[in-house]
Amino acid sequence: MRLVGRIYAALFSLFLLAPIIAIAGGSLTTTNYVAFPPRGLTLHWYLQILQQRESLTALGLSLAIGAAAATLATLLALPVGLAFTRYRTRLNGVVYAVIMTPAMLPSVFLGLAFLVLYTPMGIGATPIGLLAGHVMIATPFALSLILVGLASLDGTLEHAARSLGASPFRAFLLITLPQISWSLAAGWAFAFMISFGSLEISLFLSTSTLVTLPVQIFMALEWSPLDPALTAISSGLAIITLVVLVVTARFVNLERFLKRA
Amino acid sequence: MTRTGSARWLRSWLLLIAVPLLVFGVFYCAPIANLLRLSFSVAEGQTGANADGLDIYAKLLGDEYFLLIVWRTVKLSLLTTLACAILCYPVSMVVAQSKGWAQTCLFIVLLMPLMTSVTVTTYGWLILLGQAGVVNSALMGLGVIDRPQRLLQNETAIVVGLVQVMSVFMVLSVAAALQSIDSNHVRAARSLGASPWSAFWRIVFPQSLPGLRTGCLLVFSLSMSAYATPGVLGGPRLKFVSFLIYQQAMQLLDWPRAAAMAVLLLIVTTGVWGLASAYGQLKTWRRRQAEAAVPAFAQAGRQGAI
Amino acid sequence: MTDHLAVDGLELSFGTHQVLNRVTFSIAEGERLCLLGPSGCGKTTTLQVIAGFIQAQTGSVTVAGRPIDHLPPEKRNIGIMFQNYALFPHMTIFDNVAFGLRMRRLPAADVEQRVGEALRLVRLAHAAQKSPRQLSGGEQQRIAFARAVAIRPSLLLLDEPFSNLDARLRIEMRDELLHLLRPLKIATLMVTHDQEEAMAIADRVAVMRAGRIEQIGTPQAVYSQPANLFVAHFVGESNVLDGTVLEGSAAGTRLEAPGLGSLNARASGGLRRNDQVTVLVRPERISLLPAGAAGREPGWNYVPATLDEVVFLGHRTECRLLAGARRLTAWQAGGTIEALRLGDPVIAAWRHDDTLVVPQGAT
């Protein structure tokens with residue numbers, strides 16, 4: 001019975017990973033159209049990306065926006081998480097609803113809403129607008145991981161530090177912050193990946209010169225879906241995701257996800 | 001540090017919350033409010049007596065093409081939810097039971113489709129399901145079919161793609177519920193004579209229902225608003241509502257109409273959540289009514305520690 | 001002795017729930033006071049108010065004549081040993097103990113010397129570079145103690161110090177803590193729900209219930225002269241009987257207990273004939289005599305009974321007696337009642353002075 005379950009889980013995992021494996025495999029083909037399983041092995045297509053200015057610019061923009069959005073999201077989520085754990089009030093529920101809903105609302109709805117107001121605000125087709133949109137959808141993920149970290153924190157530690165002579169700020173810096181650093185890191189990583197992979201928000205807020213990598217791939221899919229260079233970029237994206245995820249898992253016990261609910 | 005000195009804690013609370021709330025107010029709440037306002041505005045060129053704020057909605061709801069796309073979106077989202085629930089439940093059981101590195105690996109596998117850009121995974125399906133793709137060659141190799149079939153640009157392809165992206169929400173929701181079940185419940189049921197199957201069906205399954213409900217709600221609402229997966233795997237004929245919204249806004253530049261569509265999409269997706277939470281509140285309310293009958297001294301014990 | 005800590009009229013309520021109700025007590029220099037009470041009685045809240053983590057709505061806390069109500073916790077110089085020890089898990093033992101000294105910006109050499117002293121005091125100098133997780137529960141507690149006293153606090157607070165230890169270690173650590181506290185001569189406030197811990201450690205015990213202090217006194221006084229039925233129940237076990245006063249005087253009280261006949265009890269002021277009272281007798285004060293035993297000494301109550309149940313508990317034997325319709329419990333040391341069998345008639349005997357009278361209504 002247990003064995004059957006494991007075999008099923010393995011098959012299901014294969015199903016989940018199949019498209020990513022196909023992308024990574026297809027990018028190694030020597031043919032000049034995408035073939036999976038690949039015919040022969042070459043890194044030619046990866047080298048070719050280096051000559052594609054557009055793809056490099058898009059990758060650079062995605063990385064920059066992702067890092068900036070994740071950092072801002074973490075900085076916004078940390079004080080909110082602290083307020084929630086320190087002060088029990090019904091107002092927390094209202095604030096929580098405001099900050100968590102971007103993760104639940106249709107992203108096309110959000111993208112359109114951002115476009116329609118950011119344009120008259122003067123940040124419609126600018127990196128600032130794009131960043132603002134990404135911060136909104138990344139913060140819920142940062143907040144939920146930071147809340148997991150704060151929930152597992154022993155509140156008496158801060159009391160102990162205070163009784164030993166630490167000011168509130170020093171107690172936070174020396175005691176609380178090191179205790180929740182893993183959840184800050186995980187929150188940052190998840191916020192980064194959400195921003196890095198986001199398509200819909202970017203579609204609405206991008207222009208012909210301001211293009212993130214997912215948008216570029218999505219646009220390219222329309223005319224040349226069988227271009228192996230495209231698979232190389234895509235698998236590059238998947239590899240970055242996998243690395244961030246594995247590194248996060250190395251430092252964070254992912255099982256805490258189950259404790260959240 | 002606790003509830004005393006209300007003015008003082010309110011000040012520190014506001015101090016922590018102020019900046020994030022301001023940022024979200026300006027960059028999140030204001031755009032949404034603005035979009036709602038826009039959707040109720042009078043369409044251009046429509047003046048006179050019968051022009052009112054609901055004009056655009058009235059037109060949309062009378063538009064058969066729009067309703068057809070809404071129906072397709074709802075139908076395929078329901079199918080995706082059902083498929084996810086059935087396919088993911090056993091996986092959740094494995095996740096809830098596994099430990100250590102095996103569980104970590106499972107988590108990474110589950111999170112990969114969520115964290116990888118949806119364009120990448122969709123592209124992967126394009127390669128797998130194409131005419132010369134590995135699925136077609138495998139089916140031909142097994143002798144199931146004798147020439148390549150058209151596996152893309154149909155509703156099945158959309159559901160397959162959506163299930164792959166959404167299953168993480170279902171698995172994690174159900175596994176969280178399963179893991180919180182006291183394993184002694186099952187042992188107790190077995191000791192009382194229940195077979196493994198009936199112990200599962202009568203003890204474990206009912207307790208996992210809240211997780212299953214959360215999972216279904218998440219998968220349904222996220223499928224409803226999916227954009228890239230149906231767009232690429234369904235092809236131009238099988239549009240979803242979100243594609244229509246993008247087209248209205250970015251290609252036809254009709255923002256009020258796009259806004260109205262987006263609001264309708266929002267109402268359908270959040271409406272499901274609203275119904276679910278109303279149901280949940282009804283249940284809590286009923287339980288409270290029942291508890292009110294419990295003598296006061298039984299309640300006193302709960303107030304225990306301050 | 002002068003009052004070192006003075007707690008005066010603390011009041012705190014959340015809505016209609018009164019957590020602290022005019023809590024007033026003081027601790028002399030070098031004295032150990034224990035707040036004893038069931039969970040939710042407000043003892044931990046009192047401790048938190050003194051430490052500065054909770055503000056009381058009225059009342060004041062004074063240390064060495066100086067009010068400290070307006071001071072934040074870090075300015076109070078109060079050492080606290082937390083219930084779960086609250087050792088900082090990301091720091092070594094050395095850094096834990098040094099934390100308070102570093103907050104006081106002591107030179108590194110002084111920090112090192114004083115941490116060394118504190119660790120030697122608790123005999124854990126060898127563990128300085130370990131992490132808290134590597135220590136046993138008892139060792140962690142000693143570190144928590146070392147950390148609290150390393151700052152040379154003007155007051156030491158101990159919050160349920162033994163609740164996280166198993167039964168055997170609890171007694172061991174109780175002796176250890178007493179041994180550590182005695183030479184320090186530091187004013188100490190301990191909070192516990194365990195009457196044995198309280199009586200073992202404290203010079204004086206304050207019994208709390210529902211936010212009020214019911215009685216303060218030495219452990220002996222609280223045990224032998226409980227102010228009311230609650231204190232009597234909470235501190236030790238008692239046989240509880242109803243009675244009617246026949247005669248009260250400075251020499252003693254004579255009363256009628258239904259089913260037991262007339263009894264003599266210790267003198268208790270303000271009692272008049274026909275007052276309804278509650279009579280308390282500690283089980284260890286009751287001796288059992290064979291039914292035929294002759295000789296009645298003055299100053300003793302004698303009640304005929306039958307032996308209903310005998311429970312052997314090793315260090316003592318519990319005898320349940322039936323005196324008419326009343327049940328009595330008597331504790332006998334070792335095997336003194338081996339000769340008796342269930343159902344045998346016996347005589348329960350105890351001194352007049354061991355019979356306590358509490359007016360009814362003073363619950």
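Numbering starts at 1 and runs along the chain as displayed.
The backbone N, Cα and C atoms fix where each Cβ goes, glycine too.
Here is what TrEMBL says about this protein:
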DOMAIN    B:70-276  domain 'ABC transmembrane type-1'
TRANSMEM  B:12-33  transmembrane segment
TRANSMEM  B:65-89  transmembrane segment
TRANSMEM  B:101-119  transmembrane segment
TRANSMEM  B:157-181  transmembrane segment
TRANSMEM  B:217-238  transmembrane segment
TRANSMEM  B:258-279  transmembrane segment
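Contacts between the transmembrane segment (B:217-238) and the transmembrane segment (B:12-33): absent, as fewer than 3 C-beta pairs lie under 8 angstroms at sequence separation of six or more. Note: the stretches the transmembrane segment (B:101-119) and the transmembrane segment (B:65-89) are not in contact (fewer than 3 CB pairs below 8 A, sequence gap of 6 or more). Residues 155, 158-159, 162-163, 166-167, 169-171, 174, 212, 215-216, 219-220, 223-224, 226, 230, 238-242, 244, 261, 264, 268 of the same chain lie 6+ residues outside the transmembrane segment (B:65-89) yet bring a C-beta within less than 8 angstroms of a C-beta in it. Sequence-remote contacts of a segment are chain residues at least 6 beyond its ends whose Cβ falls under 8 Å from one of its Cβ atoms, and for the transmembrane segment (B:157-181) they are 76-77, 79-80, 83-85, 87-89, 91-93, 95-96, 110-111, 113-114, 118, 121-122, 125, 129, 151, 203-204, 207-212, 214-216, 218-219, 222-223, 226, 229-230, 232-234, 238.
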